[in-house]
Amino acid sequence: MLARLAAAAALGLAALVTAQPAAAAPELVDVRDVVPDAITDLRYATADNFVGERMYPVDARCLVDASMAPRLRAAADVLRSGGEVLVFWDCYRPHEVQVRMYEVVSEPGWVSRPGPYAKSHEAGLSVDVTLARDGEPVDMGTGFDEFVPRANAYATDGVSAAAQANRARLRDAMAAGGLSVYRGEWWHFDAPGAYTPRPILDAPLN
């Protein structure tokens, strides 16, 4: 009798668990819908990157978590008033791409060690950006993914005064949207909570 009651209780619990709604998947939005005048130059959709191979589809979209939308709009508004626009080099990054990057550069200061969860780019909560004026890139002192001391957000050695000012202007604009720079890379900006572990996403880029 007790065994039958226990079995019935177990079945009831299983049915209750099954009936619970699944957690909603994070919503990713296209940066072009958020900041229409932004330039997207996804380097990992080409071989022009530190890995030397194309890791995204050629028609990849620049996706971010929906919570990033008002933050990026605020940053773009600040820059637009000064005649500049954001250029996006990377946004949401699939987990398998992060794994491949770490195989090539196993230095956590430059490439985050992939784990059993999503964070930063893998969660759509970080972006790699620069500035453009009149369609031309602004001098920032280094290119994208140059793993050198000059890439530090606050570097002065080997970085011209003009490039330092440009970096500061980018930081100020992103800060207007509540986004903070990663000190090791002047181009990398995080939303609050970007490094809180989340389930790995499996979102198509195209």
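Placed from the backbone N, Cα and C atoms, the Cβ positions cover glycine too.
Feature annotation from TrEMBL assigns signal peptide to 1-24.
The number of other Cβ atoms within 10 Å of the Cβ belonging to Arg93 (site 'Transition state stabilizer'), over all protein chains shown, comes to 24. Residues annotated as site 'Transition state stabilizer' in TrEMBL: Arg93.
DSSP assigns His188 (Zn(2+) binding site) to a strand in the three-state reduction. Summarising the annotation, TrEMBL assigns Zn(2+) binding site to His121, Asp128, His188.
Annotation source TrEMBL lists active site, proton donor/acceptor at Glu185. In sequence order, Trp110, Asp128, Ala151, Asn152, Ala153 constitute the residues six or more apart from Glu185 (active site, proton donor/acceptor) in its chain with CB-CB distances below 8 Å.
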Arg93 (site 'Transition state stabilizer') and His121 (Zn(2+) binding site), Cα-Cα, nearest whole angstrom: 5
Other residues, Cβ within 8 Å of His121, Asp128, His188 Cβ centroid (Zn(2+) site): Trp89, Asp90, Cys91, Arg93, Ser120, Ser126, Val127, Tyr182, Glu185, Trp187, Phe189
